[in-house]
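*Asks:* Okay, so TrEMBL annotates it like this:
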- Glu94: active site, proton acceptor (ACT_SITE)
- Tyr15, Phe16, Ala17, Tyr18, Gly19, Ser20, Tyr132: substrate binding site (BINDING)
Amino acid sequence: MAPREPTHISDFFRYFAYGSNLLNERIHVQLGFQVKRAVFEGVGVLRGHKLVFYDHGQRWMGAVASIERSHDEEVWGCIWRVENSFAAELDKQENGYHRLSVEVEMNGEPLICRTYQYSNPDRQLALPSPHYKHVIVSGAIEHSLPAGYIGKLKAINDNGYVGPVKLDLQVLKELNNNQKQLGLTSHCKHFIYPSMAFEGRSSLPVPADDEDSCKNNLK
């Protein structure tokens, strides 16, 4: 089946979100809280790609999400219908990314969507902040992405950043304010290699003293 283009392509485009814009609150913060500017159409899957995290973004105080080609892997996300008049606002939010046209499957039907891919040619794998991860997971839950994929997102290791981020989102109130709670877990997470962000395991053995300290802090 050939991919279906939007009915009124002059009025809107389909945008495939796989990172923070999975969350309804997040995308509407950028586009001005007018629902018509970004209308949720459904859940889609981008096959032959994987979700990765690169470098360090000041907005999120950690690595930012991107997609890369990867055989037999897939990235789930939201398909938003966005007015063409607000394309520039979306481009502004995705500063450091370039537009990409991809074929996304929604309810068994292939659709041509716009998405964004991180542009830095010297990019390095890194870990996202707890805040960024929380927004992505919250958006995935909000839009009922497959349970297995949500579990994979939850298993991503974060960088243990302690402190607020610049975005004032309702879902981040607790993380932005409760620095003490974040500090209890951040000590342990510094032993994680970025390349193992999806594997849920540390790359170095934690010294006995540090391991005991972490366990005591978490009680």
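Cβ from N, Cα, C; glycine included.
In TrEMBL, annotation is done automatically, which means it is predicted and not curated.
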*Asks:* How long is the line from the C-alpha of Tyr18 (substrate binding site) to the C-alpha of Glu94 (active site, proton acceptor), rounded to the nearest angstrom?
*Replies:* 12
*Asks:* At the level of the C-alpha atoms, what whole-angstrom distance separates Ala17 (substrate binding site) and Glu94 (active site, proton acceptor)?
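*Replies:* Cα of Ala17 (substrate binding site) to Cα of Glu94 (active site, proton acceptor) measures 11 Å after rounding.
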*Asks:* Taking only the residues the record lists as binding substrate, namely Tyr15, Phe16, Ala17, Tyr18, Gly19, Ser20, Tyr132, what is the largest Cα to Cα distance between any two of them, in Å to the nearest whole number?
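*Replies:* Across Tyr15, Phe16, Ala17, Tyr18, Gly19, Ser20, Tyr132, the widest Cα separation comes out at 20 Å.
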*Asks:* Given the recorded positions Tyr15, Tyr18, Gly19, Glu94, Tyr132, and counting only Cβ atoms in the protein chains shown, which has the most within 10 Å of its Cβ?
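*Replies:* Buried the deepest by this measure is Tyr132.
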*Asks:* Tally every other Cβ atom lying within 10 Å of the Cβ atom of Ser20 (substrate binding site).
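*Replies:* The answer is 27.
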*Asks:* When a 10 Å sphere is centred on the Cβ of Ala17 (substrate binding site), how many other Cβ atoms does it contain?
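*Replies:* So the Cβ neighbour count for Ala17 (substrate binding site) comes to 26.
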*Asks:* Report, in whole Å, the straight Cα-to-Cα distance of Glu94 (active site, proton acceptor) from Tyr132 (substrate binding site).
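*Replies:* Pair distance, Cα basis, whole Å: 15 Å.
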*Asks:* Roughly how many Å lie between the Cα atoms of Phe16 (substrate binding site) and the residue listed as 'active site, proton acceptor', rounded to a whole value?
*Replies:* 13
*Asks:* By a simple count, how many Cβ atoms lie within 10 Å of the Cβ of Phe16 (substrate binding site), its own Cβ left out?
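*Replies:* A 10 Å sphere around the Cβ of Phe16 (substrate binding site) contains 27 other Cβ atoms.
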